[in-house]
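Feature annotations, courtesy of TrEMBL:
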type	residues	note
DOMAIN	C:131-423	domain 'NADH:quinone oxidoreductase/Mrp antiporter transmembrane'
TRANSMEM	C:29-51	transmembrane segment
TRANSMEM	C:72-101	transmembrane segment
TRANSMEM	C:113-130	transmembrane segment
TRANSMEM	C:135-155	transmembrane segment
TRANSMEM	C:167-187	transmembrane segment
TRANSMEM	C:214-232	transmembrane segment
TRANSMEM	C:278-299	transmembrane segment
TRANSMEM	C:306-325	transmembrane segment
TRANSMEM	C:337-355	transmembrane segment
TRANSMEM	C:375-398	transmembrane segment
TRANSMEM	C:410-430	transmembrane segment
TRANSMEM	C:456-473	transmembrane segment
Amino acid sequence: MTTSNSLVYLIALPLLGAIILILAGRRADKWGHILGTLMSASSFVVGLYQLSQMLGRSNQARPVTQKLFEWISVGTFKVDAALLLDQLSICFVLLITGVGTLIHIYSISYMSHDHDRRRFFAYLNLFIAAMLLLVLGNSYLNLYVGWEGVGLASYLLIGFWNQKPAYATASKKAFVMNRIGDMGLSFAIMIAFASVGTVSFEGIKEHVHHTSTGALTAIGIMLLVAATGKSAQFPLQAWLGDAMAGPTPVSALIHAATMVTAGVYLITRSSFIFDAAPTAQLLVVIVGAITLLFGALIGTAKDDIKKALAASTMSQIGYMILGAGLGPVGYAFAIMHLLTHGFFKAGMFLGAGSVMHGMNDEVNMRKYGALRKFMPITFATFGLGYLAILGVPPFAGFYSKDMIIETAFNSGGTKGIILGSVTLLGAGITAFYMTRVMILTFTGKSRWDEEVHPHESPLLMWLPMAVLAIGSVSSGFLLSRGDALVNWLAPLFEEHGEHSELLKPIVVSGLALMMVAIGVAIAFLKYSRQEVASVAPEDVSVFTKIARQDLMQDRFNEAVFMRPGQHLTQVLVKTDEAVIDGAVRGVGQMAMGSGALLRGVQSGFVRSYAALILVGAVLLIAAIWVVTN
Amino acid sequence: MEFSAPVLNYTLLSPMLILLGGALIGVLVEAFVSKALRPITQLSVTLGSLVLALVQVWKIRNEQSTGAAMGSVVIDGPAVLLQASILIISIISVFLIADTEQFTALAASLPGSEEERHALQTGNQVTEVYPLTLFAVAGMLLFPVSNDLITLFVALEMLSLPLYLMAGLSRRRRLASQESALKYFLLGAFSSAFFLFGAAFLYGYSASITFAGIRDAVVGSGGNDVFLLIGIAFLSVGLLFKVGAVPFHAWSPDVYQGAPTPVTAFMAAATKVAAFGAMLRIYYTSFANAQWSWTPMLTIIAIITMVFGSLVAIAQRDVKRMLAYSSIAHAGFLLTGVIALNKAGLEASIFYLFAYGITTVGGFAIVTLVRDSAGEVTDLNRWKGLGKRSPWVATAFAGFLLSFAGIPLTSGFIGKFSIFSAAYESGAKSVVIAGVLSSAIAAFFYIRVIVLMFFTDPVEDGTSVVIPSSLTSVTVIFSMIVTIALGVFPAPVLNFISTLATFIR
Amino acid sequence: MNSLTLLMLLPIFGSVAVAATPKAKETLTKQVALATTLIVAAATIAMAVSFQRDNVDLQFVEKYSWIPTFGINFAVGIDGLALVLILMSTILAPIVVLAGWNESHGGRWSVKVFYILILVLETMMIGVFAATDVFLFYVIFEAMLIPVYFLIGGYGSGQRSAAAVKFLIYSLFGGLLMLASIIALYVMSGDQGGHTFDLQALSQLQMSSTTQNFLFLGFFIAFAIKAPLWPLHTWLPDAAESATPGTSVLLLGVLDKVGTFGMIRYCLTLFPDASKTFTPMILILAVISIVYGAFLAIGQRDLKRLIAFTSISHFGFITMGIFAMTSQGHSGATLYMFNHGFSTAALFLVGGWMISRRGSSTIADFGGLQRVTPVMAWSFFLAGMSSLALPGMSSFVSEFLVLVGTFTRYPVHAVIATFGIVLAALYILIPVQKALHGPTTAGNENLSDLNLREKIAIAPVIAIIIAIGFYPAPLLKVINPASAHVIAQLGFTDPAPTNGDK
Amino acid sequence: MDAANYLYLSVLLFTIGAVGVVVRRNAIVVFMCIELMLNAANLAFVTFSRINGDLNGQVVAFFTMVVAACEVVVGLAIIVTIYRSRRSASVDDASLLKR
């Protein structure tokens, strides 16, 4: 395999930025954001350079590695700190650094009034570095470092304004739920080592054919658990909505475009395991299907623009997971949707940020309305993203999402019909809630308070939005032209045989568009034809109430895990005090008590002492008598 | 009937003879020397005799003879070691006894009487404690070297009788002091009656009053076993009484508390050496082959003694009583050395006795220093914050306590280790385990005193530490040095003991 | 520097020098103490450099006859395991001195006494890991309780004397059980060719399995109290709550390691069969410790107690790694000991600074520190991240090695233990949120941030944590041969990968 | 007469003495009981001397008498002192020191 010495710069540059910005402290306030942006941008340039190198090589010679040093080596457990850049990771590298840089630029302006902007850029750079490590690590353990690293960065960024207790709690929740997923990854690595004897991608791939299906299934399921944590998939989805506490650029970068898609990366990267473990693969599909509906349903009831978008993200990643679970045929489409989603969702989040920026950080869409006039550029870019997510041809989503729906239908049998229907239904609901967002935000009458003066955002903010909007429009077409991405990734995945074609592509597209049209129409009927209350109505159906509460996810978690956990903790604390330490103290008190009791023997009367001697003497005789006879 | 003159080896007997001579001179001094010179003269005579005796012991250290007094006294390695230990302990105890503040001016006067006050005011201090001490020490020297029942009994009384009197000599709290003397005397006499009765049965069993004769009878299973068993049991009562083993311990807390502290120090340390010395000799030589009969009994007593002593010590509020119960616990540990019945056990016991004796004197020396206007303060609650008031005294006491507790790098640890390993070697595992557990209990109350001294704020109640006299300082410093030295570099002493510690028969 | 004895003497010389400083010049006293610990640290590092990594035999061996009557020698020597722990101890010492520059002021006694105790303790810390004579080990093992006892009782806070007594009694109890076992070993050595306490010789003793089991327990209980393992842990929170932060660092960071160190060096070496017999039980205790300690940590309101309970959880990991009997588990456990020293040091030292500034150790009294004292908050946060074994921090490497090493032989234990990492996130993030995040609590607005001295003290700790997290190889190369040696002596080989059973 | 009978007598006397020590309150009487025990032992010695045909037992008896006399001296001194202080010879009154 080709080796390279320059892979490390991809990570080192943003990492260096983060370190400098953190250590320099307030001294760096003046130039910190510039440095951060430059570091991200230069990493992007390195990424482009790597891409150009890669394009110049033959298909098989494209992956490059770089061994940095021997990281952990104990017995047969040998893990190098080594990087692997192949056709899959380069996609991510460019997405991360590209979108990342745009968001850095956006943030310069967005965060300009924040006292701690430098710190924000430090975290962003840290995130970029960790995310790059995640996609560049050549083994699961290296990936794990990045995996938890992005969790840390995400924690820091969600809690960037942690002086608000709710935000601090949100960041903690995100970290803890992520850790549950991380535990899955730990298990996967342990099982891999115990059954295969190595944890590198290549090593496992080599041995996969003579590894038991049971082990592979276990690894696969554990990887899926990891993916559900990081990618906010069912059942570990509950943190994502709260994660919107972070500054909007963070939501755009981490909780829409990149980090949350790490689960998709993980499953795709582990294709060789899932391909050999059908049960695990089936679970992947099921998780994806559930989540895509789950997120979509939540999205219909959210009044907070960011939470609505977050629900949408969850749902869209559900599509990707589902796609990745469909096996060799689906990986490329999952990645394609991941990339297009990265553009349009990041764009929309930045748009939302732009709206908030002009609306004194108001996030409630019921307090918006008619912003089209005041923020034309935001409206335009957001609108393009909207069209992309709906899957209206020829926008990006049309290419990527339709491919997943089509693959789902074609996956065969009842499974195919169910999955296809779910994805179609999801598309319809997506259309509904996204249209709702558009209507509530940009059209209709203004519902904002008097002191609010909406205005368009400055250049540094709208420029990245514009660039992303271009991506939303064109990326799908570019990536699918001549199956560009599919062919690019093909060497990484197993060959897949011809699939039965249940429905023709054109039929699928037609059905999808029909669903979209229905969704849009319902939204129009519901929100455009009648006045929207600036306060959320209370007299709504049970379903709406449940959807508003995120389908009871938090209530469920609280009732099933948190409260019993807290109760258990309290019980254990009391037990430790009363029973365990109590036993120890009891022994002490017993000693003291018996001491006090035995003290009574010493009555002070000489005759009782004499009696004691006499009894002692008699007992001695008796004892000797007993012993000798 | 022919009467042959007894052949006495005066060199071998000289340590005891010197002491007895010194004691007699002391009696004369009491009668003829003016009251101003009396204390210093007595002290000089006493110390002079003790040191001289020690020198004599050193000179005869390589002698091995049963012929010192026609077979009644045996001088061998253990004898030398024990006598030397007793003498060293006595010397540093006498430094404490030299503090006349502790002793009543006129023991015969009524407590609180005009007579007593007058004697105090005129400085008419009676100093009979010195000759009494010498008599007692002479008895103690004789006790572990006795080689027949008569000598053993006489030595027992010789060491006991002066001690009974000495216990009643306290200047403060005279009623308690006299009470302790009475208790000590009555119980001591009571137990010596058992002792003597046991001796009679041993004589009945073996037809011999010499240890060698008893041993021969035991080896040859000569006589009536019932006599032997009654003999061993009752003789043991007397010995166990002296060492303070449960249930024959009851006198010791009361006497330790009531007696003048210097006497307590002397008694606690030196008597223990002498009594265990005699016990070791008789069990290791005469009774060794009847091991089957007495080992279980001693094992049970040892276990009860250490556990009882440790437990009750926890509940004590008076430092002297606490040390008394601690000494009971230590008697239990020392009994394991008797049970061991091997050379290692003998060596360990001798080392332990010496180390423990020195530490004990040091500990009581500290007790004499803590006083208020009415004399010594032994209530532990009033020792609070001693570390703040007089850090050095408190530190020294803490050092002694840690040694009692058997913390490494103190002599107590080496002693405990060696004695337990000897017992384990002989198969007495249960005693070792009980010993280890009661050490843990015991640690608790030693540490509690350290807490009181160092970690509790002082209460202003007039308790203070007097500036130690130079003699007391010598005692404390010497004890401290020995305690630490034997903990850190015990090798020379252990070697010395090892080369000497073999009983001759 | 290649004499362990000299290394042990250095702090003693230092304490003499400290004692000689005039009472009025407290700063001089502190400087002398700091200089001493720095010299010792430098000497140890020099020693580590000349250590032959691939040699599994003891190195720097010295042997002087001490108590020939009992066959006791002053025998020292180190292998990779001991070297790593000595290194940790001597590096922590100057940090503790520097970090706790003012810790000695609230005490019952003078500043001098404080540093004399610390320096004497340092001597013993080196000795306890270096000893190759069981008796010598025991002596130091017990004797080192005394300085700690006085450090807690004399310079601590709150219920310091009760905590000190509890600590001492607990430890003495364990120590005495060990003494019983040591006596038995000694006696057996006498029966089998001459009294000795030489570890090597004792490991060759023949004994019945019953005997071995009992003697093993004597040692193990002592070590389990020290370590501390559930359910013998209740002294630790009290002690840690009362002790000064510096003392806590030495107590949890170094002294408690003697427990886990002893399990490897003594339990496994002397009683291989009994170790195997008790492994299932010990593993269960270890797993309980991991989960239990974590839950208890979550439930604490007091910052110091919380840290203590996290340590109980961590010691569970170490114990599990040791008894997993795989090279990964073993090396991981050893590395864990090293790493835990630093991560606990960071937590306690920063926590201590927070507490001394606020005048309270109740977590709820803090709040919003990140805005008031950013550097302190960052330090605490990083320490916390190390404690929850975030990848990139040193603890991750060791924790993961332990888990992987355990999993290959005892998957169920490893799986349950892994849940500990979720709990770890909770027990760190809850105090982080309460203390560092949220609005600034009334009374905290004017807290001062870390001063230069404190920054200098904490910087190397964090640097080591991160450096070892990314590049543990230097340590692992020292540890691996030692671990492999122990595993091999016990007759274990790492389980082979189970592939191929298709 | 069978020498064993003297032994029984001796045991009986010893027991009487021992029980007397325990049950009597007057210090002098207690002391006399102890003397009785010593003499019981003496009787045993003499009897054994007779049984064993060995004179040593009788020698012991003489020693015992002397020792007992010494004991009387010391004992009476103590008892008298305490009687003078307390105006009571009851051993039960002297119980300041306890527990």
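Any Cβ shown, glycine's included, is placed from N, Cα and C.
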Selected stretch (most C-beta pairs under 8 A with the transmembrane segment (C:375-398)) from C:167-187, C:214-232, C:456-473: C:456-473
For the transmembrane segment (C:72-101): best-contacting stretch of C:29-51, C:135-155, C:456-473, by Cβ pairs under 8 Å: C:29-51
Distal contacts, the transmembrane segment (C:135-155) - CB-CB under 8 A, six or more residues away: 66-67, 70, 72-76, 103-104, 106-109, 113-114, 117-118, 120-121, 124-125, 127-128, 161, 163-165, 167-168, 171-172, 175, 178-179, 182, 186, 197, 222, 239, 242-244, 247, 250-251, 255, 258, 262, 266
CB contact flag for the transmembrane segment (C:278-299) and the transmembrane segment (C:456-473), at least three pairs under 8 A: no
Best-contacting stretch, by C-beta pairs under 8 Å, relative to the transmembrane segment (C:113-130) and drawn from C:29-51, C:167-187, C:337-355, C:456-473: C:29-51
Residues from the same chain, set at least six apart from the ends of the transmembrane segment (C:456-473), whose C-beta lies under 8 A from its own: 91, 95, 98-99, 335, 338-339, 342-343, 345-346, 349-350, 379, 382-383, 386, 391-398, 450
